[in-house]
Amino acid sequence: MSKFDLSALETFVRTIPQHYKGPGGAVAVLKDGKVVLRHAWGFADLSTRKAMTPETRMPICSVSKQFTCAVLLDSVGEPEVLDDALAAYLDKFAEKRPSVRDLCNNQSGLRDYWALTVLCGADPEGVFLPEQAQSLLRRLKTTHFAPGTHYSYCNGNFRILADLIEQHTGRSLIELLSERIFQPAGMKTAELIPDTALFDECTGYEGDTVRGFLPAVNRIHWMGDAGICASLDDMIAWEQFIDATRDDESGIYRRLSGLQTFSDGAAAPYGLGLKFEETGGKRLTGHGGALRGWRCQRWHCADERLSTIAMFNFEGGASDVAFKLMNIALGVPTSEQVRVAADAVWFGSWLDHETGLVLSLEDAGRGRMKARFGTGPEMMDVVGENEARSSMTAIRRDGDTIHLAREDENLSLTMQRLKGAAKQDIAGHYRSDELEADLLIVDEGGAFYGAFEGFLGKSDMYSLYEAGPDVWLLPVQRSMDAPSPGEWKLVFHRDAKGEITGMTVGCWLARHVDYRRIQE
């Protein structure tokens, strides 16, 4: 690590309100367990003119997951202790069940339950109760990949963990977090508040400077996967606790941040509620958080005893800020990727037949392409005539085939170019037996729309757009959780006579959900 440059950090922090436009936020940097930068700006509530301060509590969203796993290790023991309880929880499974460690490492193969709420007809701003979460999770019978083989983000993993921990200990997660984690770490105001509608100390905002900023509505009951509210000072205390216990091999963060692997022995990018990253040759551990109106990110570099924290009450780039703060603190130089012009043969849609996932590519200018594959668009640098990559994805084109690799996910796909037009006979009623949910597709004046129906209600109508023969895209930009599932990929199946018999519906968070056509 080069010499620590506090002035460079301070210079960057002064630019945050201009480059990340929104109501307010708070950031901190720690070195050797001491706070070297602690700053808040803007407003916790625009209408009441309540200022944002380091003491202002905000939802830390999915950053909560590491604390759930910390309670597991501290009050239960190793994840394997709960494997039998998980088997009883997922009692409808028709194939190999994941282990509790698979849940902790996001290798379970379970489809994300927030994505599945869309298929079950949920209102994005509706109430979601604990019993509804259990009803959805306990009806699952399949995974979208064999447990332990790949990485896929799944909030439901941690919701199940919370249920299992409470069942095993006979105590609430609220009590366990306070007693086992927050009090020992000196996180004086941190608290699990499961019902997001009850939190009113700070307002989270949707929107931007073009549309304006409006208070975001959240009426979800969280447990295990999110729900903790904490101030910047609480998060600073967590980083100081991590540093103070750094040499204790039995210390909770040492145990949380250990290396994890996939079933084939390959290194995994995630474990026990922590994301693993690397910058400047240094290993980082941390996590991001997102809920409608909120963004949060923390990173810790054990080798250099460095930590960075960013918390926003708007949907801005807190993850980007925390990572840039870490790079500045480490003295990692910035470099511009050398790019070549993107040939038009890249552009269009590409299908992986096994997973039903679609990669859509379009020109973004200056040697870049905008790719849609996961939960949101990612910018890809074209680094050669037939090669492009982003921070998450590498693709190589060979004629009408793209080889896609996401090394962190242990995922390799072979995708074929979609050519030709889609048949216009998709209107009908489709049923997912596993979810006990329906998808209704209608033709209204030559335009197709789809609506989801299930135990959570009936959704609005969503537009459908053809991507190629028997492949359609159904964008969903608002859901209960953030980010939304993005584009649902609908891949239709036909019999020997050419009649549609069913389809698979999927997105990166929830792949290959089978639907059969109901003849009416």
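Numbering starts at 1 and runs along the chain as displayed.
Positions of Cβ are set from backbone N, Cα and C atoms, glycine also.
Within the listed segments 202-212, 400-410, 477-487, Swiss-Prot records region 'Important for specificity' for the stretch 477-487. For the pair K65 (active site, proton donor/acceptor) and D481 (substrate binding site), the Cα-Cα distance reads 15 Å. In the shown protein chains, 27 other C-beta atoms lie within 10 A of the C-beta of D481 (substrate binding site). Counted with DSSP, the region 'Important for specificity' (477-487) comes out as 0 helix, 2 strand, 9 coil. When pLDDT is averaged over the region 'Important for specificity' (477-487), the result is 77. In this structure the alpha carbons, written CA, of D481 (substrate binding site) and S62 (active site, nucleophile) are 11 Å apart.
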